[in-house]
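**Student:** Sharing the feature lines straight out of Swiss-Prot:
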type	residues	note
BINDING	ASN58, ASP121, SER157	K(+) binding site
BINDING	TYR136, ASP154	(6S)-NADPHX 1 binding site
BINDING	GLY317, ASP430	(6S)-NADPHX 2 binding site
BINDING	400-404, 420-429	ADP binding site
DOMAIN	10-211	domain 'YjeF N-terminal'
DOMAIN	221-488	domain 'YjeF C-terminal'
REGION	1-214	region 'NAD(P)H-hydrate epimerase'
REGION	57-61	region 'NADPHX 1'
REGION	125-131	region 'NADPHX 1'
REGION	221-488	region 'ADP-dependent (S)-NAD(P)H-hydrate dehydratase'
REGION	363-369	region 'NADPHX 2'
Amino acid sequence: MTVLYQNRQIRELERLAVESGISEYELMCRAGEAAFKALLARWPEAQEITVCCGKGNNGGDGLVLARLAYENGLKVTVYLAGQRHQLKGAAAQAANACEASNLPILPFPEPLLFKGEVIVDALLGSGLSGEVKAPYDHLIAAINQAGQYVLALDVPSGINVDSGEVQGTAVKANLTVTFIAPKRGLYTDKAPAYCGELIVDRLGLSESFFRAVFTDTRLLEWKGVFPLLPKRARDAHKGSYGHVLVIGGDYGMGGAVRMAAEAAARVGAGLVTVATRPEHVPIVSGPRPELMCHQVAAADDLKPLLTAATVVVIGPGLGKSDWAKSLLNKVLETDLPKVLDADSLNLLAESPSQREDWILTPHPGEASRLLGISCNEVQRDRFQAINDLQEKYQGVLVLKGVGTLIKDESQAYYVCPAGNPGMATGGMGDILSGIIGGLVAQRLSLASAAQAGVFIHSMAADRAAEEGGERGLLATDLFPHLRVLVNP
């Protein structure tokens, strides 16, 4: 799997490169050249650009790009947020090279005027600490309102590369070229929407540099997920692939358990049983007779079902009634592996406990209740939030949202880059819990089931969106794609 880095680790990679004999200015020239090549590839018809530079090394990257564009015949306007004498080190060398090529470096005019087809954002980069301050907030707002294409160098100015947080305001780019290594914050929360297309350029650094710097964050990819899926034996039978028990579906919410149960079956569980309100039995087993369905009036009705189960999924449509609480308590008395979703998480927040045999799958709102903080605090640093969740509750945690995160007892973080806005619809979480439960039933570890389940779920949604569009995408549209994805 692709590894993702924090800002401090990128700085360590830069230090190792300089110690090996690659100067800071050489790295800057490589960055500017990589970004210029990306600009030409994305906008080959562009004749004129405006390059917006800050006073640090990100501004220096922009100056290198500006010079290369100018020397290759483009019309180039370079603006500097600050005074020329404030540029130091490699950035000053980049400015000297611009001036040697007769490319002037200008102060930002009032009113702001951006010329050409493309604006290059080289204002702040990854060195920002705290919220964006003047004059950069004003400049970022102007770039976002200009209407031209935007290329961001390393990171859209205003984005925290470790967490993905928008630090007050941020540039909305069409294309971001990030340097040396992928930064973990660019794949979660609001950052993907601000990056646009994301390209990673290693600037020619050898693999030995990357082996020398440890990182605990991985990007989920098909080549890493596919080996987690067990091969099927020729002499297999339904008992070989486990028995999922899905519990939930309080009054008016029978569809939730129905979707979770079918999702478990679609990813290959051998048997799937639903335990729900008596009124919901017909809507579960009628249209999908492969699902066994039992009416549960009281917690004791679960005893024989739990005895037969391999894994329990509890929460879809569960509600928070006394009935729901009694069912959850009965499940927690067992040593079966468990997937908790939806209202089972809200009930858990009222009586927190720790276990190693569960997977918790909160969205940000549920995570806020589990941690006793605001939803904004969860989203401000999703990596910290999932770390706190795992420490408080143990087991495996899945923090849903853009760039879903997974964390287990190994302390590794996994980030899912797949998924799309069409998933913002009812039932998607029910499908995910069923997928994960179905994979646990097939003897995947809890951590592997969470990783594979999240990725397959998001990939199925992407395939469904490609087929019919994001708007109007239904959770059940994922079913045919699930079957294809688990049979690569």
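Cβ coordinates come from backbone N, Cα and C, glycine included.
Not measured: the values here are computed from a predicted model.
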**Student:** Including all protein chains displayed, how many Cβ atoms other than that of ASP154 ((6S)-NADPHX 1 binding site) lie within 10 Å of its Cβ?
**Tutor:** 28
**Student:** Do the region 'NADPHX 1' (125-131) and the region 'ADP-dependent (S)-NAD(P)H-hydrate dehydratase' (221-488) share at least 3 Cβ pairs closer than 8 Å, excluding pairs fewer than 6 residues apart in sequence?
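**Tutor:** The region 'ADP-dependent (S)-NAD(P)H-hydrate dehydratase' (221-488) and the region 'NADPHX 1' (125-131): touching, no.
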**Student:** Spatially speaking, which of the binding-site residues ASP121, LYS400, THR425, GLY429 is closest to ASP154 ((6S)-NADPHX 1 binding site)? Use C-alpha to C-alpha, please.
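**Tutor:** Result: the closest of the binding-site residues to ASP154 ((6S)-NADPHX 1 binding site) is ASP121.
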**Student:** Hey, how far is THR425 (ADP binding site) from TYR136 ((6S)-NADPHX 1 binding site), Cα to Cα, in Å?
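**Tutor:** Rounded to a whole number, the Cα-Cα distance is 37 Å.
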**Student:** Of ASN58, THR425, which of the binding-site residues has the most Cβ neighbours inside 10 Å?
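**Tutor:** The residue with the most neighbouring Cβ atoms within 10 Å is ASN58.
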**Student:** Under an 8 Å Cβ to Cβ limit, what residues of the same chain, 6 or more beyond the ends of the region 'NADPHX 2' (363-369), are close to it?
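**Tutor:** Sequence-remote neighbours of the region 'NADPHX 2' (363-369) are 342, 345-346, 349, 375, 377-379, 382, 385-386, 389, 399-401, 429.
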**Student:** Over all shown protein chains, what is the count of other CB atoms within 10 A of the CB belonging to ASP430 ((6S)-NADPHX 2 binding site)?
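**Tutor:** Step by step: centre on the Cβ of ASP430 ((6S)-NADPHX 2 binding site), count other Cβ atoms within 10 Å, giving 30.
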**Student:** Quick check for the class: what is the C-alpha distance, in angstrom and rounded, between PRO421 (ADP binding site) and SER157 (K(+) binding site)?
**Tutor:** 24
**Student:** Give the nonlocal contacts of the region 'NADPHX 1' (57-61) in its own chain as ranges (CB under 8 Å, at least six residues past its ends).
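**Tutor:** Residues 24, 28, 31-32, 35, 80-81, 87, 89-91, 93-95, 122-127, 153-154, 157, 179.
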**Student:** Give the sequence-ordered list of residues that share a chain with TYR136 ((6S)-NADPHX 1 binding site), lie 6 or more positions from it, and have CB atoms under 8 Å from its CB.
**Tutor:** GLY54, ALA81, LEU123, LEU124, SER157, GLY158
**Student:** Check the DSSP secondary structure of THR425 (ADP binding site), expressed as helix, strand or coil.
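**Tutor:** Note: THR425 (ADP binding site) is coil by DSSP, not helix or strand.
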**Student:** Using DSSP, what is the helix/strand/coil residue split across the region 'NADPHX 1' (57-61)?
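**Tutor:** Taking each residue of the region 'NADPHX 1' (57-61) in turn, the totals are 5 helix, 0 strand, 0 coil.
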